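Features of the protein shown, as given by TrEMBL:
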- 200-228: repeat 'ANK' (REPEAT)
- 231-263: repeat 'ANK' (REPEAT)
- 325-361: repeat 'ANK' (REPEAT)
Amino acid sequence: MAPLADLPPELILCTVSFLTRKTIIDLERRLPGNSREPHLVPDLPSINSLAQINSIFHSTLNQTLYKLCASVETLGKLALLFAVEHELESTLDKLVAAGISLEGEFLFRDEDSWNGCSILHIAAANGLSHMVCKLSRMYGEVMVAKVHALEGLRMTALDHAALAGHIDVVRLLAPVPVPSSGTRAGVPLRYTHDQYLGLALIESARAGHLEISQYLVSKGADVNCFDAQHLHTTPLYYATLSDNLALVQLLLDSGADPNLGDYSGRVPLFNATSVAVAKALLDGGTNIHAKDIHSNDVFAYRIANIKLLRFLLESGVNPNHRSATGQASLHYACYIDDVEIAKASVELLLQFGAVVDIVDTRGRTSVDIAMRPGLEEVVRVLEPFVKNPDLKLKVATWLRERAGETIN
């Protein structure tokens, strides 16, 4: 290679400019609107290998690599993404110096789907605290707007960090003030700092991150902030979904309202799967007789949990409350396919005064629902409590037929 090394730098650069290859640029599909067609682009791997041969080539070609990246927009964006995800601060500086913009949309995999977001969001979601700091500095005057921008799933960089459990990044982004104008793209006009933290608290609670939730609450997060992007509900609602008692207690102690439900009226109590969480909610002021928009009570959601069912009955939930479809707790119990669980639920409900003869809007009682193959034991438990003569005859006939008897 000595003869090539002896050439003037300008000629070396001219020579390598002819090094090209046809390739699919965005093979991993990290950019929106990417093409699966091969494109003729600078052969960066070959040029990079050539630059490593000796110090002369390195000094001559090193900066050329960055300029060549900048000459092809897709290459430049992918190089920028690589530098951020691998925390290559010097490389990031050189790419930006070569003319590659920090603006633009990248694809980030979140919740089993690819969503568009900024490079700052990706750094935050990956817990790259040094890169978050660096990018914040590089954004300069627009840093605040970038931090609060809602990208992809309508989430801020702080939301991504809170969901992924990166408390170091959360501590960096949480103090960033909300723009005073409140008119930037993607941010509601009445967006306040406590709401900014509250939305991050929702993501933290959704993932069950107690330490991050404690930090956000300590910084003034709105514990009753509503999530308008997913279930339209609160941090407490998400905490009960995962039956996280410590998180539930933290939120209740911090002023969370246990009676705020989602868009369908489903309240946190309906999510409880343990007596401990249900008790914490009751102690925190939840309405044990709460109904959703279809007049379903807690039994419509938690009828198969025997321990919880007993606790709710002992706490005063009415086993004969009827939903908008006319169904009561025994109807729900008779939908359970597991005969042992169905039988235990039915027996417990009957102990607390559940009425078998309640008819729903389709004319069905609970025993009508139970009369199907596999639930004979449940029907036998219900049969002595049937008062309607016609229904009683229907049940007796069904049981005899199931036993192989004939009716004269």
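Cβ atoms here come from the backbone N, Cα and C positions, even for glycine.
Here the repeat 'ANK' (231-263) has long-range neighbours at 198, 201-202, 204-206, 208, 210, 213-214, 217, 223-225, 269, 271-274, 276-277, 280-281, 283-287, 290, 292, meaning same-chain residues at least 6 beyond its ends whose C-beta is under 8 angstroms from one of its own. For the repeat 'ANK' (200-228), the model's average pLDDT works out to 95. Across the repeat 'ANK' (231-263), DSSP assigns 16 helix, 0 strand, 17 coil.
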